[in-house]
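Undergrad: This structure is in structure tokens; I'll ask about it shortly.
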Amino acid sequence: MEAVIKVISSACKTYCGKTSPSKKEIGAMLSLLQKEGLLMSPSDLYSPGSWDPITAALSQRAMVLGKSGELKTWGLVLGALKAAREEQVTSEQAKFWLGLGGGRVSPPGPECIEKPATERRIDKGEEVGETTVQRDAKMAPEETATPKTVGTSCYHCGTAIGCNCATASAPPPPYVGSGLYPSLAGVGEQQGQGGDTPRGAEQPRAEPGHAGLAPGPALTDWARIREELASTGPPVVAMPVVIKTEGPAWTPLEPKLITRLADTVRTKGLRSPITMAEVEALMSSPLLPHDVTNLMRVILGPAPYALWMDAWGVQLQTVIAAATRDPRHPANGQGRGERTNLDRLKGLADGMVGNPQGQAALLRPGELVAITASALQAFREVARLAEPAGPWADITQGPSESFVDFANRLIKAVEGSDLPPSARAPVIIDCFRQKSQPDIQQLIRAAPSTLTTPGEIIKYVLDRQKIAPLTDQGIAAAMSSAIQPLVMAVVNRERDGQTGSGGRARRLCYTCGSPGHYQAQCPKKRKSGNSRERCQLCDGMGHNAKQCRRRDSNQGQRPGRGLSSGPWPVSEQPAVSLAMTMEHKDRPLVRVILTNTGSHPVKQRSVYITALLDSGADITIISEEDWPTDWPVVDTANPQIHGIGGGIPMRKSRDMIELGVINRDGSLERPLLLFPAVAMVRGSILGRDCLQGLGLRLTNLVGRATVLTVALHLAIPLKWKPDHTPVWIDQWPLPEGKLVALTQLVEKELQLGHIEPSLSCWNTPVFVIRKASGSYRLLHDLRAVNAKLVPFGAVQQGAPVLSALPRGWPLMVLDLKDCFFSIPLAEQDREAFAFTLPSVNNQAPARRFQWKVLPQGMTCSPTICQLVVGQVLEPLRLKHPSLRMLHYMDDLLLAASSHDGLEAAGEEVINTLERAGFTISPDKIQREPGVQYLGYKLGSTYVAPVGLVAEPRIATLWDVQKLVGSLQWLRPALGIPPRLMGPFYEQLRGSDPNEAREWNLDMKMAWREIVQLSTTAALERWDPALPLEGAVVRCEQGAIGVLGQGLSTHPRPCLWLFSTQPTKAFTAWLEVLTLLITKLRASAVRTFGKEVDILLLPACFREDLPLPEGILLALRGFAGKIRSSDTPSIFDIARPLHVSLKVRVTDHPVPGPTVFTDASSSTHKGVVVWREGPRWEIKEIADLGASVQQLEARAVAMALLLWPTTPTNVVTDSAFVAKMLLKMGQEGVPSTAAAFILEDALSQRSAMAAVLHVRSHSEVPGFFTEGNDVADSQATFQAYPLREAKDLHTTLHIGPRALSKACNISMQQAREVVQTCPHCNSAPALEAGVNPRGLGPLQIWQTDFTLEPRMAPRSWLAVTVDTASSAIVVTQHGRVTSVAAQHHWATAIAVLGRPKAIKTDNGSCFTSKSTREWLARWGIAHTTGIPGNSQGQAMVERANRLLKDKIRVLAEGDGFMKRIPASKQGELLAKAMYALNHFERGENTKTPVQKHWRPTVLTEGPPVKIRIETGEWEKGWNVLVWGRGYAAVKNRDTDKVIWVPSRKVKPDITQKDEVTKKDEASPLFAGSSDWIPWGDEQEGLQEEAASNKQEGPGEDTLAANES
């Protein structure tokens, strides 16, 4: 390896110069290639056949992993190898043409780079050029006296080596190879003496056209490739063969290439650049037709493969046409054999079909090259056809899309189109100019005309986009260059150019501010004649502050209330544009008074200075010349000021300085407190940190200065879904009071710089809510915008564990004020968060704004807040690795080993956050004692939760859910055991959040223990000097673990852990503890950054050695100490339990009785049978509500409890129960009903039990089959076949004929069973005893609401019909409500009377609480029909239709074709009711009113028998009414009247009662006189019925029966 590295390094230095890679980089590259299997040995690097695969693999690695170092090194090495090879090829060709031998192209190996070659001369004495010989000597090996050639024979005689024709003056052979790969003219011919065959013994090759001497190279086993791909995906397979440069030897390439290619095609697709690169690399060397076709079968589907075969044939026809025109074409073997044809190129000629060895021997090198090139071109065409790219003409840059992403999509689409390569670049540039965003289009139009390629355009746009406004470094540099001349000119004019004769600098005039004279000499000096003028400095009369000469006695005011520090945080660079244009008449120089508020003595408490105003600087800087020497200064975290003349060292005032600006009239502006910077500048400068507080304003050419609290480079762009079209939701109307509050809040946010005016095409509504304090809060409904966003992943998986803070370390808690409003929103995303401020009655155009900071309610705001704050704090974490800094959203907790270190770190954190633009609430800075953070109170040694109430209020399921969530938050700190959480978990069952819940006794008792635990329990802070211990134990309803210190002696818990809720039917305690130990170890590493030092296991593991396999797996890699001891006292609250490792169940028979169990869902029985002597003993258990699995489990449990102290064999045909019993071999936690049943039975046994599973209904003879059959027959025995038939039909819904045969019942009984099924009978029969209609007036009403559009706006009609008389009452309503239903019934009662019962559908207006109460007050029974089934309301539905037809006819008769006027609706509705109630309908001789007020008295008909549920016929009934499919019968003894289906009624011939009838037959008759369907013995009744029919007693359709 070292020799190869040395050779390659020498070649790189020769051909690459200064850019050559180092030996270390070359070695790393070679190691990677060998590791990836791309090189079998380092010497293979000299083979050109391996270059393209290496390039493809390293390119893919660079694209996927982003690691391009090895690719860069390989590019330099490849260039050197190619250059060396080109020189050697040229040299060998020159030797051949000059008759000096040659023809061999050797790889650039060590011998061809380092060994010089002797000069060779031509026999005639002509010398080859010295330069060529010397350069050729670098790469050519030393030649012997007789040069050897490989693969190149004599042109005249064909002799391979040593012929006398070598120096003949003949023309060189055509098609001499001179490129990346050598000439293939001699491939396939017999090797010479110098031929080398790598990886195998040398064997002679066959002559072209003769397959008999083919040596049989290493070829591709494509059958195995396809078999493995079909079974296991992409395998490691043999590869096709290529031609080595050493000669015509066929050797296999690296097998991983075909695996990588198949995987790439499957994942990336055919059009992927990675796929194309790998295919081109694989086919860079000639391939056999056998290998080409099989390769395409592997990577292409059936359809693409068919396309490829056609395309390949077309390409091969092109090659044949070219070979036909040119006899010396390489495919024809340069004229030394038969011409090529399609069969040869496809491998279908004689000796080639299915014979890769024959193809390798018979095909010429030129044919192989043509075959491979044609296959590659065909693959490119298939890729375009199989996976067409999207139309590039439809691609447009999105509003929030970056130019790079747009360029990626456009270039990919253009390159995948059918455009010719020469037209792609102009098309891409034209799309850049037309399809990009308007600002990008302007940049491109302004670009120089010399930019002619897409790459140049992209680079130009990206370079121009780097120029960002406000906070970019370019603005800082521009301000620096602009401020410095201004400062220097002013200071030079003031100081250097205005010195007196004595050399002292003269001050400015106090009156006019101009230099060159004193105040006393000022021509603008006021006349001091105003005795009422008072001095603001000395409080004297007769002069003002500018005329006052007292300097040290009483100058200025002391700091007092009302003074404030600068409101604007300061960034490291200016955040506003330079203000060069002044909007006021003030001069740029102002007079300032500085007062030191410190307590230490100084010579001068106050000084006057001149400062530069409106400079655009971020901070106030006092020149060291103006700063008193005895005023103390301190060093700062950032020791330099950037933007003021480049970089200037600075310090900061230790004391707070009071700064005031003196106005022209001598008055003093409101003083301001700040800590100014002190630097070596030639003039003091007032920055933004004090100008705003002084009431001054920065101005610029654009307008009002804009201040963002955090630099824009910290803004994180949002990710939008592909279809993020703008969302526009109109602003909701707001009352005037809320609109005023909204306007005030918007103005406030605008002044704070949180929003800006907008013209966005997005809009979502805003509103205000009143807070408890009475003020309003602004809210923005961003749900529609959030639906377009791609949510960010969680960057913080949970809250930090506070007990991990080192014990005794002092703490400090900081709170970031308005954290969201301190973080800017990316500029390209702001337009999506626009809103509208409306005006009342649209009196003025609406004002529109958009957020510049993170809006509250945006789904990504919390994540961005965490990321930005974490990015600001990251330098401090690196600078202070020992500082514990806990960051969760906008809360920070700092912990240091000392108070001084904590204070220093806290000040540095505060300064860093303030410089970044965040605001720290001073009143929320907490220091010990009594620090609270994330709902916990922290002391120097403990962490305790706060906020538990005495007793929560529980009313709904949602209340329980919130309470359980709070308890889950507290469990790691309090160690609440599972037994106390059980009562609350029980109340979580349900799906309706509003489902009622009660605060029951179990919950109350558990809550009392939790509250008591919260007053005594707390976590202890971790002591790094003591070992970290962990312990686990089983307890009631689960397991519990703890991380702490001194657990066995003086317990100090640091974190509690609990087992999860079981997810399987049964979980063994051993598995529960195993999972808890794994969880405990992971929590220790995650929380404390270290593994547990000591692990305490239950004492049962000490008795059971070696440890169980599950425990050993949980302890894998554990290097600490393991101790098995009794349960520590810290677990007493959890009530620990002993863990038994005893095996209770086995799958092998045990000596003891054998019992058989079975259960049946049809009989709802479970049975246990066992043999005692010649007879079988049976025990049964029945439960109609249990499932078959539960019945099986109960049967097995009953069998286990037959002999609790005796080993028992339980045989069952239930695989479910058998598998569960085997899993319950050891004690564990059940979670299903069946598991609880079995666990209860096993816990009562003391002997071993064996569970044996047999297949039911098997024909295998023997004891087990016999016993299982007995149990099965007993379980399925049915004493009541009719019940069995019902159960069978309920399960399978089979027809009556199959049901009759299966259950051995009559056909009539089977039909009845089917008809009672609501799923199989489309018109289900009503049960006997339910009266579908009244036998007389006012017995049963039917009511319904129907919609009549003609009656709009009160288009709902409430309709009630009396089921006996057919009388109708209708009322009109606007909506369907309970009040409307009650009003309608009151009207109907007033017209018809009070009914006994009313039948309706199950609409909410009829089933509401108020309607039920109304009906109860009136004493009316109420029933509902089948939901969604109109047949239960047949009479009222027909009445609805009849009423609507009558309304339509009456309306059209009055000329109202569509809508009826409201004034006419009441009259028309009354006319319709009159026509329906007071006139006969159909063939009836009585009107509904007559039937209602003069009803017919029903008489009893002939005696009948009815069939009851048992199938028997019951006597004692007389028929009253015979309807359509139903009959009303009356019991002669009890006078009970019921309706029964007509098929269940037959005459009772034992009774000869006469049928009497009064005036007329019942109106309930079905319209026919022969309503009695039986017997001649009732001829008198039939004659009477016939006479009634002649009198016209028929009924209308409304009176028909419901059936």
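Each residue, glycine too, has its Cβ placed from N, Cα and C.
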Undergrad: I'm validating the feature mapping. Which of 160-164, 180-184, 310-314, 955-959 is tagged motif 'LYPX(n)L motif' in Swiss-Prot?
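TA: Going through 160-164, 180-184, 310-314, 955-959 one by one, Swiss-Prot gives motif 'LYPX(n)L motif' for 180-184.
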Undergrad: Which of Asp1344, Asp1362, Asp1445, Asp1454 does Swiss-Prot put in the same Mg(2+) 3 site as Asp1401, Glu1437?
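TA: Same Mg(2+) 3 site in Swiss-Prot: Asp1344.
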Undergrad: For the Mg(2+) 1 site, Swiss-Prot lists Asp890, Asp891; sort out which one of Asp815, Asp829, Asp900, Asp923 goes with them.
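TA: So the Mg(2+) 1 site in Swiss-Prot includes Asp890, Asp891 plus, from the candidates Asp815, Asp829, Asp900, Asp923, Asp815.
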Undergrad: Looking at Swiss-Prot, which one out of Asp1147, Asp1158, Asp1240 binds Mg(2+) 2 in the same site as Glu1192, Asp1213, Asp1272?
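TA: Record source Swiss-Prot; matching candidate: Asp1158.
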Undergrad: Excluding Asp1158, Glu1192, Asp1213, Asp1272 themselves, which residues in that chain have a Cβ inside 8 Å of the centre of the Cβ atoms defining the Mg(2+) 2 site?
TA: Phe1156, Thr1157, Ala1159, Ser1160, Ala1195, Thr1212, Ser1214, Ser1256, Asn1268, Ala1271, Ala1275
Undergrad: Measure the Cβ-based neighbour count of Asp1158 (Mg(2+) 2 binding site), defined as the other Cβ atoms within 10 Å of its Cβ.
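TA: Looking across every protein chain shown, the total is 28.
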Undergrad: With every protein chain in view, what's the tally of Cβ atoms within 10 Å of the Cβ of Asp430 (site 'Involved in capsid protein dimerization upon acidification'), excluding that atom itself?
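TA: Result for Asp430 (site 'Involved in capsid protein dimerization upon acidification'): 10 other Cβ atoms within 10 Å.
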Undergrad: Ranking the binding-site residues Glu1192, Asp1213, Asp1272 by other Cβ atoms within 10 Å, which is at the bottom?
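TA: Counting other Cβ atoms within 10 Å of each of the binding-site residues Glu1192, Asp1213, Asp1272, the minimum falls on Asp1272.
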Undergrad: For the domain 'Reverse transcriptase' (750-938), what's the mean pLDDT in this predicted model?
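TA: Reported value for the domain 'Reverse transcriptase' (750-938) is a mean pLDDT of 89.
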Undergrad: Could you tell me how many residues in the zinc finger (1280-1321) are helical, how many are strand and how many are coil under DSSP?
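TA: Here the numbers are 29 helix, 0 strand, 13 coil.
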Undergrad: Which of these binding-site residues is closest to Asp430 (site 'Involved in capsid protein dimerization upon acidification') if you go by CA atoms: Asp1158, Glu1192, Asp1272?
TA: Glu1192
